[in-house]
Amino acid sequence: MLKATIQKFQYGKNIVTIETGMIARQATSAVMVRMDDTSVFVTVVADKKEKLGQKFFPLTVNYQERTYSIGRFPGGFFRREGRPNENEVLVSRLIDRSVRPLFPKNFFNDIQIIATVMSVNPQVNPDIVSIIGASAALSLSGLPFKCPIGSSRIGYIDNKYILNPTTSELIDSKLDMIVSGSSNAVLMVESSSNILQEKNILEAILFGNEQNKIVIENIDKLKKKFKKENLEYDLKSLNNNDIQFVIEDLFFDRIKDSYKIPEKKKRLEKIENIKNDILNNFINNNNTNEEEILYIIQNIERKIVRNRIISGKPRIDGRTEDMVRNLDIHLGILPRTHGSSLFTRGETQALVTTTLGTERDAQNIDDLVGDKIDRFLFHYNFPPYCVGEVGIISSPKRREIGHGKLAKRGMLAVMPDIDKFPYTIRIVSEITESNGSSSMASVCGASLSLMDAGVPISSSVAGIAMGLIKEKDKFVVLTDILGDEDYLGDMDFKVMGTREGVTALQMDIKIEGITSEILQVSLDKAKNARINILNEMDKVIKKPKNEISIFAPRIYKIKINPEKIKDVIGKGGSVIRMLTEKTKSSIEIEDDGTVKVISTDIKNAQCALKKIKDITHEIKINKIYVAKITRISEFGIFACLINNKEGLIHVSKIPYKKFSDINNNFKIGQIISVKVIEIDRYGRIRLSFTGTDKNKNKKFFNKNN
């Protein structure tokens, strides 16, 4: 009989259970993790041998949601899950970024982590459960995974930090932060916040990592219970000191000189030439392979750049550690877009556009933890030309989806409420040049583009990427890092915010030993840089434009009696179809009686609004109206009021002495004045005749029809 090894523990207000040994026994390792009713099954499979010529660590993470987990059928024609949705991509990245730093640099075997969501309590998000599951599965796998990690979601409600807040609690929380880390170090942070101070952000990170120790202790206990032996893997030795000594002796000065070239393109060309010279000299003559040589060159590059920075010398492009690259800002460069900006920071450039749409343009998101409508879209594109390469243009990659979501988090806190600005907003950031921090350039460009579009954001937002060089007890925090400083450094810490506080951050750390002091210095330097950038942005545009673009749709709202909605729509949609065609406007009606008229032409919109008001006008007893005669009969006159409602003037309500013969005194199409005397339970209107002031009445009738 199959028997599982189980570890159960309290984690905040949740009960977490980790089981292994009963399901998917042919995988390298597999665990089922439950947090209350949310269950995620995580497997790890690793190849025994690395692929020939492998030059990087091929870790693949697939987080996949199953709709059966909430008792529903998938949408679409085939009624089964298809390509990964945005949330699946984002959670896959969270898992990857949390565990990747804990593998040896010389481990190149293929590893695949699959996290399958099997049951969901809508109040418990599966993302944290998945990261815990990946940590547990890797710890039980026998792979060279350094140590278990924990992961936690942190909220901030009523000035208190909350561990793993529910979906409902997050609505009132000023913070939504995920912290992953080992018992010694924070490894990954992802957060959005409602303009919190740096002090609160630091406290939340430290609080989260302290809570992570609960998970780590229990994974260690499970590991002792399960007692799986470590697998034998051939960890390639890439440290050939003899060859490195020779390469350094012959090429060190050339490599060092190349890192004095501030322009990225020229520097990369010089380094590429040096690499080719080294490979030509050593591969054929010294019984070495290309991977080993490239690893040695990387070590030399790392040593040169890091020693230069740690000793206080200028960085690759000549800047000091706290300097932001030169900024160049332009607005409205694309005349037919609703808003646009070109934001350039050094050799990183983002062309950002804003498009305004209606509620119909909003994105319907079918989520496991609750369906929602997203009226703010942020798309980030990273074409190959931005780094001077030839590449394949395809659907958005994981990195593009992740960067777009990060930039969106940075902007959310300043976006207007739907009641104040009833538009769906789409921002697109086209990265036209890249040398580090392109996602942060997207945030700055988005803020500028929104203001150019006349979107009433509450404040400007800027983003900055911080880096770290740490050697033993010495460390230097770098402001506005280049691509090479990210690649050769120890940290990538992106911070977004206004002058008042932080709106979002993302942190990936490659080493252990990141102290609270380093985090504090990073946040303080990021604040200074952010304010400097905001000062430059304010010189170009300080507040949103008063008017939206003439090419953007105008949205006009009126409220009608919900019972009149059927009159505006008409039988089979005939009335609303006629209105949209005649006024060249789009009309949206909500159940509460809110009517939106959308048009780029104000005259057309006003015409549509007037017609809707006429249709929904409620006729009142004892009020005098202008009417047009539609029929004449022996017993009276039928007349149409301004809202196309027909009423009867009985002959008894027409002065007999003055109009003894109604056929001779009245004609069809004549404008008359009437008084409403009764509306019966069937809606039939009884009128009395009050006059025939032709000029005045005709003018009034034409004005109102």
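Think of each number as a place in line: the chain as shown, counted from 1.
Cβ from N, Cα, C; glycine included.
In sequence order, A465, M466, G467, I481, D486, Q506, M507, D508 constitute the residues six or more apart from D492 (Mg(2+) binding site) in its chain with CB-CB distances below 8 Å. Look at Swiss-Prot and you will find D486, D492 tagged as Mg(2+) binding site.
Mean model confidence for the domain 'KH' (553-612) is a pLDDT of 92. The domain 'KH' annotation in Swiss-Prot covers 553-612.
If you look up Swiss-Prot, you'll see 622-690 marked as domain 'S1 motif', on the strength of sequence analysis.
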What does the DSSP secondary structure composition of the domain 'KH' (553-612) look like, as residue counts for helix, strand and coil?
32 helix, 16 strand, 12 coil
According to DSSP, does D492 (Mg(2+) binding site) fall in a helix, a strand, or coil?
strand
Count the Cβ atoms, other than its own, that fall within 10 Å of the Cβ of D486 (Mg(2+) binding site), considering every protein chain shown.
19
